[in-house]
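Copied over from TrEMBL:
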DOMAIN    7-365  domain 'Methionyl/Leucyl tRNA synthetase'
MOTIF     14-24  motif ''HIGH' region'
MOTIF     301-305  motif ''KMSKS' region'
DOMAIN    397-511  domain 'Methionyl-tRNA synthetase anticodon-binding'
Amino acid sequence: MTGAKAFYVTTPIYYVNDKPHIGHAYTTVACDVLARFKRLDGFDVRFLTGTDEHGQKVEKSAEAAGITPQALADLNSANFRDLAARLGASNDDFIRTTEPRHHAACEALWTTLVERGEITLGHYEGWYAVRDEAFYGEDELVAGPNGSRLAPTGAPVEWVKEPSYFFRLSAWQQRLLDWYEANPDAVAPASRRNEVISFVKGGLQDLSVSRTSFKWGIPVPGDEKHIMYVWIDALTNYMTAVGYPAGGALFERFWPVVHHVVGKDILRFHAVYWPALLMAAGLEPPRRVFAHGWWTNEGQKISKSLGNVIDPLALIDTYGLDPFRFFVLREVPFGNDGDFSHKAMIGRINSELANDLGNLAQRVLSMIAKNCGGVVPTPQPDFTDDDHALLGAADALLATLRDAIDRQAFHEGLEAIWVVIRAANVYVDRQAPWTLRKTDPARMQTVLYVLAETIRAVATLLQPFMPTSAGRLLDQVGVAEQGRGFDRFGPTGRLTAGTPLPAPQGVFPRFVEPETP
Ligand code: ME8
């Protein structure tokens, strides 16, 4: 695939102090859609996810659980790996920061930064929040209960005073601002980009990048009582996984065409610290960092203490994998905050999947089975304006989806697909092929051909979102595996009249609430 354009997409690596929840599933599904879309569009894709296993937070959780940090990491890393598999994620690699390859990468990046004079030894005194694994300035703290002070995220803070290595972040302020300006798409969405720019314009402090008060992490080369700050360790994973520091084919191909998708909580690390660290090491900053919004549960913040953490595996068991993947990207504009509710989930399944798409496919495919001998119908050469309008709208979808996907506007892409699905349903009603069966059977074949083509277009573009269901729709309109890439989209891949079709089967059942006794 040497001629293909390269595309590298990453999820955050998730902390192993806890079990996966809907937020983790959300980011992984979004990245999987990007990866699958780009693969179908002919790109050479690398998709990475994994777990962030070091740091004080994991060390403390392990202590509380009475096990070693490694044992906790092994347990929860496996949970995240299983989640990725259950989500149907097509990741090419799963990185764990406790792997030897990652130690080597962190040591190399550290040593490079020291050699370039970007990391020096000093002394840290200030506020630290273990829950966020982040340092906070005095002016950032907010009032907590009983006169206490909290991080702006609500996390408890402690006063830390210890020797520490520092990264010369302050020296990178102007070069970061130049980078944002020269690369207007590098940080998105625009509102978040503006926040990042004003944060950097406000002035940057040097960043404390090592700690001596805990042990669970990667020791600083040559000064082993210091442990690298977990965020330096964590961010480096994106390079480890493509072969840094050795370099080689993967690194050359996929750095820096890297697209980081993260929650808004960790944008500052990815859009400020990370590009500065990379530039300081003489490496290219990422191509894009997109920060998505935050899910709440039936209107409430999701938290362990409220006991309202949503288990994505339970949702998949109840609603099915593809409806879950569809829902999370359809319900909320990517970038905005969103609320999970069972009512909204059932509403989307029944109205958009079962009614709009399921019924369209069912109606068209059963008419073809009954009235066209179970083969792709034979169209007449003269299409009407109505036929052209629907086919034209279906054919135009690829360009619309490409544009939406490049902006991570999944909801816009799905809405465009649904506009065509709804238009196809209106077309069926207007053309009334069940009447044409008696009055003009040749015309009926044309109408059903146009509809089968529309289903092919819609299903082809839904593959990244709902791989199994879209695959089943493509089976039913007789598209062979090798005909499902976007190179076959539109006129070049038109269905061949007479191709035998399998017996139609419903793909999107209605969700019926189990009866409560
Ligand atoms: O931050 N809504 O790991 P983490 C939407 N290890 N997304 C959510 C969410 C919610 N309610 N809760 C979590 C870390 N997420 C670091 C990352 S990367 C080099 C290191 C998602 O386990 C979202 O993607 O706390 C968020 O950024 C991520 O999980 C945080 O996962």
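Easy rule for this one: first residue shown is 1, then count along the chain.
Cβ atoms are placed via backbone N, Cα and C, with glycine included.
Caution: TrEMBL annotation is automatic and unverified by curators.
Note that the structure is a prediction, hence the values are computed from the model and not measured.
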Per-region confidence, the domain 'Methionyl/Leucyl tRNA synthetase' (7-365) (mean pLDDT, whole number): 96
DSSP-assigned states of the motif ''HIGH' region' (14-24) in counts, ordered helix, strand, coil: 3 helix, 2 strand, 6 coil
DSSP residue counts for the domain 'Methionyl-tRNA synthetase anticodon-binding' (397-511), split into helix, strand and coil: 81 helix, 1 strand, 33 coil
Composition by DSSP (helix, strand, coil) of residues within the motif ''KMSKS' region' (301-305): 0 helix, 1 strand, 4 coil
